[in-house]
């Protein structure tokens, strides 16, 4: 069973271009898909949904597009906060928050606080990069070692994991990428070690329940050995 589903939401721009629309309309349509997928996850009993919303590399996009994305994010939160409460979903942010505009970070923090007691989680990766996250953990460990609070010889995988952005969240069972691209794009590089990967040619705004079910069905047919010889649950 999938407990933690992570999705690389790709294809908004191509979806808009194919329809002669500005890229911002593709992102808007992608926001509607997020709402649908939250419902699919609820019905499937998936507790954690992590969405790759904005990478550290995305800051290099045209300012107009970045501004539109940030505006859309705040508008989405305002429009969907009620839905989060109705479905008892906790919002969490994963990434380098100091990069975000203050107004955006404040809006995120408000919804995070308001939904903090719920068990199901929607994790938005914003200004996120897998390498950046691992470097963040390394800096924290180096600081502790320099302060004499940590013996470098004791640093192992568990120690690194404790200093990732959200150390209490389990690793994803399944990572889905839409639009057909065959790469991770710097997403959850540490946590993806034993995740199953599923790629669909469907663009994110078109991602429907049939696509969601196809991903879960493919996962159900996999044998997860974690480097061993026999499958493990």
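For all residues, glycine too, the Cβ spot is worked out from N, Cα and C.
According to TrEMBL, the features are:
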type: ACT_SITE; residues: 10; note: active site
type: ACT_SITE; residues: 58; note: active site, proton acceptor
type: BINDING; residues: 10, 196; note: Mg(2+) binding site
type: BINDING; residues: 11-15, 23, 27, 55-57, 59, 61, 177, 183-185; note: substrate binding site
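Compared over the recorded positions 10, 196, the count of CB atoms lying within 10 A of a residue's CB peaks at 10. Between the alpha carbons (Cα) of residue 11 (substrate binding site) and the residue listed as 'active site, proton acceptor' lies a span of roughly 14 Å. Counting Cβ atoms from all protein chains shown, residue 184 (substrate binding site) has 16 others lying within 10 Å of its own Cβ.
Checking the recorded positions (56, 58, 59, 177, 184) against residue 10 (active site) with a 10 Å Cα-Cα cut-off leaves 177.
You'll find the Cα of residue 13 (substrate binding site) roughly 26 Å from the Cα of residue 196 (Mg(2+) binding site).
In the three-state DSSP scheme, residue 196 (Mg(2+) binding site) falls into the strand class. In this structure, the binding-site residues 11, 13 were compared by how many other Cβ atoms lie within 10 Å of their Cβ, and the smallest count belongs to 13. Under 8 Å, Cβ to Cβ, and six or more positions away along its own chain, residue 27 (substrate binding site) finds 12, 16, 68, 69, 72. When the binding-site residues 15, 59 are scored by other C-beta atoms within 10 Å, 15 scores highest.
Taking only the Cα positions, the spacing between residue 177 (substrate binding site) and residue 58 (active site, proton acceptor) is 17 angstrom. Looking only at the recorded positions 56, 58, 177, the densest Cβ neighbourhood within 10 Å occurs at 177. Secondary structure at residue 13 (substrate binding site), as computed by DSSP, is helix. Each residue contributes its Cα atom, and for residue 15 (substrate binding site) and residue 58 (active site, proton acceptor) these two points are 18 Å apart. Across the fold, the C-alpha of residue 196 (Mg(2+) binding site) and the C-alpha of residue 184 (substrate binding site) stand 12 Å from each other.
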